[in-house]
Amino acid sequence: MCFPNTCTDSDLTKIFDYGLKKLDSDDLPFEKSLLNNSKVNCKEKLKIDSYLVAAIIVTGIIGVLIILATILEIYYKFYKVNRNTVENIELKETSENLINKDENIKTKVENNDKSLKLKILLCFSAYNNTLKIFQTDNKGKSQFLCLNSIRFWAFMWVTIFHQTNHYIYVDDIVLSNKFEYFDWNKNLFFTIITNGAFCVDVFFLIGGFLCAYNFLKQSKSKKTTWVTVLIFYVRRYYRITITLMLVMLFIVGFSPFVHPGPFRNDLYFQTLDRCHTFFWTNLLQINNFFSFQCFGHSWYLATDMQFYLIAPLVLVPLTFKNKMRFIGYGFIGIFILIHIITTFAFVYKQQFTILTLRELFRIYNALEFMPWCRVAPFAFKNFLVVVMAWILSLFFIAIVIFGEYGTISGLDPLNRTSQILYLTFCRIFFSIGLSGVIFLCITENGGFINQFLSWSFWAPLAKLSYCAYLVHYSVLDAFMYAQEQFVYMQFSLFFYVFLGNVFLIICLAYVTNLLFESPFMNLEKYIFTK
């Protein structure tokens, strides 16, 4: 609607609230109590703040480095003449020749220094980094090719789950058929989407498995010391945090330019304010302990980092060949027990007889961020069952995903006892089932399922999954807050929007990878090697 510039958000809110009070209930086709207080967001002139300036400067510097590195990379690969033949001249051992030799040595040292600087610059090459992303011939390098597909499908799961929640709990005002949308939960297969919170457990499980494998593999060739453990922590922090902070700076700086629509609510503006105030919690990887979070979905990265902090308690004892190994197994049992006890205690304290869907999601959200309630999937890195049948693995996964269909749909909710048991053990059963699938695939007992999961097509998508996770929420926000009219959501539109969002996310993930992830991951070998 169009109003004079002199009208503020507060003025218009008071006007519409006054109008709502004057409405006659008899003239309305529904209960007047269903009307919410109006939320007015006036379109303001965009301002250039310090975050936008910092984002432009940092991105500009990195962009210039990428352009220079790419030009040099192409030059050295395609245009520079390789001098393979050099004339060998026998130098006489005279004082003059000795001086020349000293000068030659100095020149070689300077050339070596220049070559190191060149190698560092080439870490930013878009050409080389693109080749690395789309390289699919990894059969000789890794036996865990099935993890690429699982990681990508977990990203798809988290994206469609967050898209669903956007329209239900974040920005439900944008829907013109809100109540019909809630009825989608009565569809059995839509339960897979509604239970998308388990997608994060997939990441935790894969992270724990690879963490254990790489640490134990390295311990065979290199003695484990306190320095090794310290480097283990620093490298993990470096890999996660530097890309996260650069992406946060870019998104916070440029978000006002991509979210101009009228559906921006209080939560949107609060989130921006939190990033200005609480960004340091993300820098320290402790943001999951704060109720006021910046870049909310990054809680997973903080929790994952905290799991890595406790991982050596398990992994270091497992490097020994004596009875010390049982200390590691003991810690695995302790972590799983902590998961069970803390989850059970929290759910048991909740006052409910039959859970509604909204109450169920409230409990899920409360349990979601705390590491002691999520540690079981990460701890399963060494509990892969030796003999696991496909039926048993898929049964565990299916019973977790569809076990709460009655509660989610409201048709046949679980009673209090069943609900407490489900919430306490669901992540453990899900981890057992997924561990069985992974184990059967990496031991070449997966058949055609392993062939599908190990298809080389998934490798590039898996490499982009981290950047895709970082930017996916902003893409969902961009679509939501750019709307200038109500959305009538249907199944066809929902999945059409989802596929469009996924395509945009992958494209942005590629750009983000070239800008922020690949260059600094390439620099890692120069930072952490002697």
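Heads up, the Cβ atoms here are built off N, Cα and C, so glycines get one too.
What TrEMBL says about a protein is an automatic prediction, not a curated fact.
Annotated features in TrEMBL:
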- 146-508: domain 'Acyltransferase 3' (DOMAIN)
- 51-76: transmembrane segment (TRANSMEM)
- 150-168: transmembrane segment (TRANSMEM)
- 188-216: transmembrane segment (TRANSMEM)
- 237-258: transmembrane segment (TRANSMEM)
- 326-348: transmembrane segment (TRANSMEM)
- 383-408: transmembrane segment (TRANSMEM)
- 420-440: transmembrane segment (TRANSMEM)
- 452-473: transmembrane segment (TRANSMEM)
- 493-516: transmembrane segment (TRANSMEM)
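Segment contact holds for the transmembrane segment (452-473) and the transmembrane segment (237-258), given three or more CB pairs below 8 angstroms at sequence separation of 6 or more. The transmembrane segment (150-168) and the transmembrane segment (237-258) are not in contact, since fewer than 3 Cβ pairs between them lie under 8 Å (pairs 6 or more apart in sequence). Among 188-216, 237-258, 420-440, 493-516, 237-258 has the largest number of CB pairs under 8 A with the transmembrane segment (51-76).
Mean model confidence of the domain 'Acyltransferase 3' (146-508) amounts to 82 (pLDDT, 0 to 100 scale).
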